[in-house]
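Asks: Shown below is the structure under consideration.
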Amino acid sequence: MDWLMGKSKAKPNGKKTASEEKKVYLEPEHTKSRITDFEFKELVVLPREIDLNEWLASNTTTFFHHINLQYSTISEFCTGETCQTMAVCNTQYYWYDERGKKVKCTAPQYVDFVMSSVQKLVTDEDVFPTKYGREFPSSFESLVKKICKYLFHVLGHIYWAHFKETLALELHGHLNTLYVHFILFAREFNLLDPKETAVMDDLTEVLCSSPGSSGATGDGTSSGASGAQNHVKER
């Protein structure tokens, strides 16, 4: 659990790539792709007679497995050479170990840190109890928020650095559906800081205001894009 006490800091990476000039994942023919038109806003609401922590635990574990699976489809393209830093748009993320030491790592290393750490948490009976009578720790909600933050980084990297591969594999509908479900769930329970997600505001606005998401109002335009590009500061 110690790894979560450190911070994964972000700062503008100062580089402007071809994908930053034109974000392929924002093109209308791609953003409308889904594997279902289910109303996710209804799906994420806490059901009656279900404990909040149980609901958070169940969904967080599911999102972890699905995001891990989605990343695995493009992992062969995410290497130390192609992704020398963990970048999303103009933002670069750094990993901090349990001692608070800044770890210089490539994107695949960062993702491995995230996935292996979250795997340990969701299989720890003291953190994610599955047996009857076991209680959740008092810090559970804050742990879930930190897990969601790191999972968001992974989703963002897939879009930013590997959307073309995802498109070639015809898995962009799966990615879009997963992103909408994850974001709407996080919104429902305030699990993600808006400053953290600002880097992907343009995509979020388009996907979460589209039919089938019911997660936001608006006309689906990307009015938040320019603000997101310069919003992220080192944290």
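Glycine is treated like the rest: Cβ placed from N, Cα and C.
Automatic prediction, not curation, is the source of TrEMBL annotations.
Quick caveat, the model's predicted, so the values are computed rather than measured.
Sharing the features that TrEMBL gives for it:
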- 1-21: region 'Disordered' (REGION)
- Cys78, Cys83, His157, His162: Zn(2+) binding site (BINDING)
- 211-235: region 'Disordered' (REGION)
- 211-228: compositional bias 'Low complexity' (COMPBIAS)
Asks: Within 8 Å of the Cβ centroid of the Zn(2+) site residues Cys78, Cys83, His157, His162, which other residues of the same chain have their Cβ?
Replies: Ile74, Phe77, Thr82, Ala107, Pro108, Val111, Ile158, Trp160, Ala161
Asks: Which residues of the same chain, at least 6 positions away in sequence, have a Cβ lying under 8 Å from the Cβ of His162 (Zn(2+) binding site)?
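Replies: Residues satisfying the criterion: Ile74, Phe77, Cys78.
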Asks: Does His157 (Zn(2+) binding site) have same-chain partners at least 6 apart in sequence with Cβ under 8 Å from its own Cβ, and which are they?
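Replies: Residues satisfying the criterion: Cys78, Cys83, Met86, Ala87, Val88, Ala107, Val111.
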